[in-house]
Structures are given as C-alpha cells and as structure tokens.
Amino acid sequence: MGARGALLLALLLARAGLRKPESQEAAPLSGPCGRRVITSRIVGGEDAELGRWPWQGSLRLWDSHVCGVSLLSHRWALTAAHCFETYSDLSDPSGWMVQFGQLTSMPSFWSLQAYYTRYFVSNIYLSPRYLGNSPYDIALVKLSAPVTYTKHIQPICLQASTFEFENRTDCWVTGWGYIKEDEALPSPHTLQEVQVAIINNSMCNHLFLKYSFRKDIFGDMVCAGNAQGGKDACFGDSGGPLACNKNGLWYQIGVVSWGVGCGRPNRPGVYTNISHHFEWIQKLMAQSGMSQPDPSWPLLFFPLLWALPLLGPV
C-alpha cells in the first residue's frame, strides 16, 4: 500500500472509532452525592426549606404533579413503577417531565427559574420483574438533557446494602402528597418532610398480619413509620425518597410504594428497598451510557476502496 496508503487508512480507522460516552453517564453512581446546603405536610410532617432535600423532584405529566422522584445523576432519576401503570405506551414518554429545585409542586407558569429546572423524560424503564402489584415497584427515568447541579439541586447517594440502616429512628420521607387521608396538600403546595423510624421486615410482616387487612411484606420492601401512627407518606407521595444520613451524606434506602391508609397506628408505610435493585439500577445506567458505534463509519471505507488503487509505494 505504501506510506501514503497506510496513513490514509490509519486516519479513516481513527475516524471510524467508537464515539466517546457522555461524560455525565460514564461513571454512574460514582460522583459526589448526598450533600445539602440546609441542615436543619406528609402526614404529621411540616414544611421543608428550599435546599434541604435537593434531590427531590416532581414527576409530571403535561406539567401536572403525578409522583415524587429522586435525582441520581445528571441524566437519571428514580421513582416508583406504579406511577406509570395507567399509561400503557411507555415507549412514547412525550408529556412526561421532571421538575427539580422547587419547594412547590405548582410553580407559577411565569416562573423562569422553574422553567429552567424542568427536564423532559426521554426514556422510562420499569423493573423487568414488576407485574403491576407491590413487589419490584421501582422505575428509572432518563432525562433528555443533563441536569445542572446547584445548591438546590443535587443527587442522592445509593449503596448496595441498606442493612446498617435497619432500626434507625432518624430517617426522613418527603413529598407533595396528601397531609391526611381525606385532605390534600393546600396551597402553596409546599414540599413536606417527616421523620420516620425504619421497621425491620419481621416486625412489619407481623403488623400486617393483624386485623382484617392482611398484606405480605416481600424481601424487596422496607417499612417505615412509628407505632402510634401520624407520621407517614400518603397519596401523591409515591415514588419519592426515604432517606437516611450516614457520616454527613444522605442515602436513599427506599422509594415510596404503598400503605394502608395514611399514618394509621401499626400500619407503617411500605417502600421499595433500594438495595434489592441496586445492581439493576447500576447496570441500566451504565449500559445506556456506553459508547455506541458511529453509524457513519461504513461510509468512510468507500473513499478508501476507491483510493487504494491510486496509492502506490512512495
């Protein structure tokens, strides 16, 4: 082929290589997370402060609040699978968006700040094991553009095991849902926060075997609340985070999934246990962010084939 031919071939092959992955997706779940600026009504809860839960978002359909959501990275957020169960065509996510960095679930139509922190959803992924009932109630949403981090918008941490959080009494759940079973969150629809205790699954199963309503607590669930009731997630909080602090960083250990009423005694809220889905989350985020072959690379070889006969030895 000669030196000129070899040089041309090398240039074409270099151009035909794999495209670089998007920088925000190259290392999922590995960047800084779980930090917040503010350190200081879900049922029995109180108004939150802006920046206290910077990973909290509002999953919206045609700009109406549907569920809570938590930010994991620049392009990924976590919610509950049942938030989408009445919407059959998830291959078309048009109309779905996520709002971050706002205390209210109903920001003003004229708010530029809300407009610039609203991100359309490009893909929706339900757990492949979700069958429309309680177990495996978890979903990932991929955003169409990278989220800009600010002091009011930050990702939360995840980890493969949540065993160390069992029996903690100082975890928190946040959301814009009902403040009582029969009372919606009033205007100005401010994000609510409430402190809850983690209840081990053996005790939780025992509680749900009592009385007339029986419900099984599966291995991928975690319960939180208190024996007296009054502190719980409620309708509209679904998909939001159950978070605990560890060494100054916040970790999401659960996703709001279901409950019997809201804040009833001996009826804790039930959450999807993140640790049972950590590998699925990690793999999906990594696979979706992998390099893809440039679809134009085969076309680059046609000029090469045409030029080779013309390239003699130097």
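A Cβ is built for glycine as well, from the same backbone N, Cα and C atoms used for every other residue.
If you look up Swiss-Prot, you'll see 1-19 marked as signal peptide, on the strength of sequence analysis. Residues annotated as disulfide bond in Swiss-Prot, with sequence analysis given as evidence: Cys33-Cys157, Cys67-Cys83, Cys171-Cys244, Cys204-Cys223, Cys234-Cys262. Annotation source Swiss-Prot lists domain 'Peptidase S1' at 42-286. Swiss-Prot lists His82, Asp137, Ser238 with the feature active site, charge relay system. The annotation N-linked glycosylation site is assigned in Swiss-Prot to Asn167, Asn200, Asn273. Among the features that Swiss-Prot reports, GPI-anchor amidated serine is placed at Ser288.
Structural mapping of features recorded in Swiss-Prot.
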residue : record                           : DSSP (3 states)
Cys33   : disulfide bond                   : coil
Cys67   : disulfide bond                   : strand
His82   : active site, charge relay system : helix
Asp137  : active site, charge relay system : coil
Cys157  : disulfide bond                   : strand
Cys171  : disulfide bond                   : strand
Asn200  : N-linked glycosylation site      : coil
Ser238  : active site, charge relay system : coil
Asn273  : N-linked glycosylation site      : strand
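Measuring Cα to Cα from His82 (active site, charge relay system), the recorded positions that fall within 10 Å are Ser238, out of Cys33, Cys204, Ser238, Asn273, Ser288. For the recorded positions Asn273, Ser288, the greatest number of Cβ atoms within 10 Å around a candidate Cβ is found at Asn273. Among the disulfide-bonded residues Cys33, Cys83, Cys204, Cys223, the residue whose Cβ has the fewest other Cβ atoms within 10 Å is Cys33. Distance noted between the C-alpha atoms of Asn273 (N-linked glycosylation site) and Cys67 (disulfide bond) is 18 Å.
Between the C-alpha atoms of Cys171 (disulfide bond) and Ser238 (active site, charge relay system), the distance comes to 17 Å. The recorded positions examined here are Cys67, His82, Cys171, Asn200, Ser238; by Cβ neighbour count within 10 Å, the least packed of them is Asn200.
Taking CA atoms as the reference points, Asp137 (active site, charge relay system) and Cys67 (disulfide bond) are 13 Å apart.
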